[in-house]
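Participant: If you scroll down you'll find the structure; I have some questions about it.
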Amino acid sequence: MGSSFSSATKPKIFYPPSPEEILVKKPGGGVGPESLSKLVEEHCPSLKKEFNPPWWLNNGHLQTLFSVAGDFTGVDKVVYERTYLRLMDGGTLGLDFTPPGDTSPDDAPIVVVCHGLTGGSYEAYVRAVLAPACAPVSEGGLGYRAVVVNFRGCAGVPVTSKQLYSAGWTEDLRMATIYLAHKYPKAPQLGLGFSLGANVMVRYLAEEGERSRLESACVLGNPWDLVKNNWALEHTFLGKHIYSKGMANNLVNVLKLHSKALEKVDPPTPSATSKYEPDSTQASLVCAAYHAALALRSPPLSVFDNTFTRVGGGGPPDWPLASADAYYKHSSSHHVVPQVRKPLLAINSTDDPVVVHAPTSPEEVGSGYTVVVLTEGGGHLGWFEPSSGIVLIGTDVSKLHVRRWMTKPTLEWLRLAAEVLVHGHPDHPPRAIFVDEGGWIREVNGARQGLGCRAVEIGDLIDGTELKKEPGMLQGL
């Protein structure tokens, strides 16, 4: 894996040695089992088509840097309607729904999106899929609805507790799926994860197994083994000084944007938003980590993670962790894939300068439910290829005539998951949902006593091309 020259090549598809038999809807009616590999062969033909980068984006660095620096405001228009979820631990999530004012059928599929490191619903790689996925069928789209789960502190979401998010914290995605199941009980949920959000999504699938509320997932640019990838990232000049420090700078800026919520420990107050009191010791540790992180000068990612993420990237009982290395070992997703029990498509690039190590054989995956696809080019969440004529004027994508190769196979997978697979597991259904006396939406016999949410604000319309990244933040990662 590296960032060498890329030309037109067909992706490598790694099927499980023993693909699971997946229950599907038969064309003539009824249901029956079908091999996962056969389903992909039949329903995802774009995975076999060449990825052909333009000559001026012919390696992973150029693809990645264009994703960071390109102007994508002229393409893939998506308008969202935001709902803020207050969590029982005091935190807040921002769920961006599209299309706004949704009049879709009750059983219309929902694409549940987890964005990258410090991104959000505005990211061009998110809109590249959601624009066609949520367009009406009459306009050539899939006609689905979607929701982007904006993590705490991202994309304008306020920080209202002494905690952010991380690659290993799955509870916020879990709570979002519970809320969606409560709001749309007849609609199948289909996962779509990018980079850090891909890692979170794979871990969620593994933790939930057959009871996952996500019926399937497609993950792109997943960092998989955080130990190996962080080591590789910080042992090259560009990796350390461009990508690692760039991502760490994004995270420092997130802290600065939410200084009022993180800089001091608030005195205990009556539980207005939760009947579960926050851990004052953990809050003190997060505040101390916040101040230590702001004192850093141009840190690489591992130094930031060792200073803040291992403390404030999650909550009890797992956080705080002893070190950045302990955080990476705890939060990696490569070693939990064998526990995944829902169909999973994972797409990585072999010239990704951020994710240097990805599974390269079926044996490394170790899951009968997982198909891994490796492209020879594409960088980190790039996959840009020519769409028609190329006009080299600035970086406005609408003038450069490029498109993302990954859009079409992702849409094919979503359609397969939504319209062909049989949803739900008869012997292992998701836990029942109830609303308690305080109005909190919760699971019956949930693993965590304090897991619950309620909507606190609904209705803001957001143009995804106008929802700007915060000042000083790099897009596309």
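Start at 1 and count along the chain as shown; that gives each residue its number.
Each Cβ is built from the backbone N, Cα and C atoms, and glycine gets one as well.
Any TrEMBL annotation is an automated prediction that lacks curation.
This is the feature table in TrEMBL:
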ACT_SITE  S195  active site, charge relay system
ACT_SITE  D352  active site, charge relay system
ACT_SITE  H380  active site, charge relay system
Participant: Using Cβ atoms only, which residues of the same chain lie under 8 Å from S195 (active site, charge relay system) while being at least 6 residues apart in sequence?
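Facilitator: Set apart from S195 (active site, charge relay system) by at least 6 residues yet with Cβ under 8 Å, we have H115, G116, L117, G119, L220, G221, N222, P223, V354, V355, H380, L381, L477.
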Participant: What's the number of neighbouring CB atoms sitting within 10 A of the CB on H380 (active site, charge relay system)?
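Facilitator: So the number of other Cβ atoms within 10 Å of H380 (active site, charge relay system) is 30.
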Participant: How many neighbouring Cβ atoms, not counting its own, are there within 10 Å of the Cβ of D352 (active site, charge relay system)?
Facilitator: 29
